[in-house]
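Undergrad: Let me give you the structure first, and then I'll get to my questions.
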Amino acid sequence: MKVPFTKMHGLGNSYIYIDGFQFELEEQTIPKLAQEVSNVNTGIGSDGLIIVMPSSQADVRMRIFNKDGSEAMNCGNGLRCVAKFAFEHGYVNTEDFKIEAKSGVVDATVHTDEQGQTVNSVSVDMGPPILEREQIPMTTEHGGPNDQVIAEPFEVDEEKLVATAVSMGNPHVIFYEDNIKDAPVSTLGPKVTSDQRFPEGVNVEFVEVVNSREIIFRVWERGSGITQACGTGACAAVVSSVLNGFVKKGEEVTVHLDGGDLWISWLHNHHVLMRGPAKTVVEGVFFSEVT
Ligand SMILES: N[C@@H](CCC[C@H](N)C(=O)O)C(=O)O
């Protein structure tokens, strides 16, 4: 089957975008298609698959599938790219609109060039973080269901780490490092992501605090492994850095990711605001063997 696609990325976190306004995929084939397109040797090469489609609750809907075919609840870099896609394809006709993700509806604003046609960057109000242990979700052997998980001892593979857990609609655990170059992303990332303390798995982030306005971030994503950037992860890292007293609520923090920078504030109304780029790489037709 021939599947028309657009490859887009937010700071190198790339997905294959399928236009669900024009092209309908069979539900049972989607996880396999996500694995197929993501393969860098036999597919296109990406961190997963995103479908941009009509919504009954918002102006446009995003469905995101990781590289391993699992469907995720949310994707920050994906939301910015979906906003650009929807605006440039004429599926929305204002610069402010609503996007539905599995985790809920968010407000997006596209920032266009002088001609008002090409989207260079996008702001998304990601809503409030979820901090209660049971809702992250995390098991309750080390704390009550409604407790927050801030700087909690976390042993893995005989390493004594200190964990803060935050959900941005999808689960994240944050560990602080004095020097990000020493962060055990590729060794502990795959172990922590499937640790039994996180019943639905977790995205694993390592963070170095540069100063009260800047942090450096690396990630092992659930279902995709190391990626160049993770938008929800960067939001979770800023929330975690406020909770740990490294940065201030209400102030914009620059998050340096492997693929570039995001600007994020945890506002006094508890919502997390994220601003950053969205880019189109290529459009084409994929010859799928699974659909
Ligand atoms: N890259 C994303 C997050 C994608 C989903 C994540 N791997 C999960 O399983 O929760 C982002 O930019 O937020």
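Every residue, even glycine, has its Cβ placed from backbone N, Cα and C.
Predicted, not measured: the structure shown is a model, and the values here were computed from it.
Sharing the features that TrEMBL gives for it:
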type     : residues                                                                   : note
ACT_SITE : Cys75                                                                      : active site
ACT_SITE : Cys75                                                                      : active site, proton donor
ACT_SITE : Cys230                                                                     : active site, proton acceptor
BINDING  : Asn13, Asn66, Gly76, Asn77, Asn170, Asn203, Glu221, Arg222, Gly231, Thr232 : substrate binding site
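Provide an account of the burial state, proximal residues and distances for the features listed.
TA: Taking the Cβ of Cys75 (active site) as centre and 10 Å as the limit, one finds 31 other Cβ atoms among all the protein chains shown. According to DSSP, Cys75 (active site) is assigned to coil rather than to any helix or strand.
Look at Cys230 (active site, proton acceptor): DSSP puts it in coil.
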Undergrad: Please give me the recorded positions out of Asn170, Glu221, Cys230, Gly231 that lie within 10 Å of Cys75 (active site), comparing Cα atoms only.
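TA: Neighbours among recorded positions, in sequence order: Asn170, Cys230, Gly231.
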Undergrad: What does DSSP assign Glu221 (substrate binding site), in three states?
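TA: Where Glu221 (substrate binding site) sits, the three-state DSSP reduction gives strand.
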Undergrad: If one measures from the C-alpha of Asn170 (substrate binding site) to the C-alpha of Cys230 (active site, proton acceptor), what distance in angstrom results, rounded to a whole number?
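TA: About 11 Å separates the two Cα atoms.
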Undergrad: When you measure from the Cβ of Gly76 (substrate binding site), how many other Cβ atoms are you left with inside 10 Å?
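TA: A 10 Å sphere around the Cβ of Gly76 (substrate binding site) contains 30 other Cβ atoms.
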Undergrad: Compute the centroid of the Cβ atoms of Asn13, Asn66, Gly76, Asn77, Asn170, Asn203, Glu221, Arg222, Gly231, Thr232, then list the same-chain residues not in that set whose Cβ lies within 8 Å of it, in sequence order, for the substrate site.
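TA: My list of surrounding residues reads Ala72, Asn74, Cys75, Gly78, Val219, Ser224, Thr227, Cys230, Gly233.
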Undergrad: Return the residues near Asn13 (substrate binding site), defined as same-chain residues 6+ apart in sequence whose C-beta is under 8 angstroms from its C-beta, sorted by sequence, else 'none'.
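TA: The answer is Asp47, Asn77, Gly78, Thr227, Gln228, Ala229, Cys230, Gly231, Gly259.
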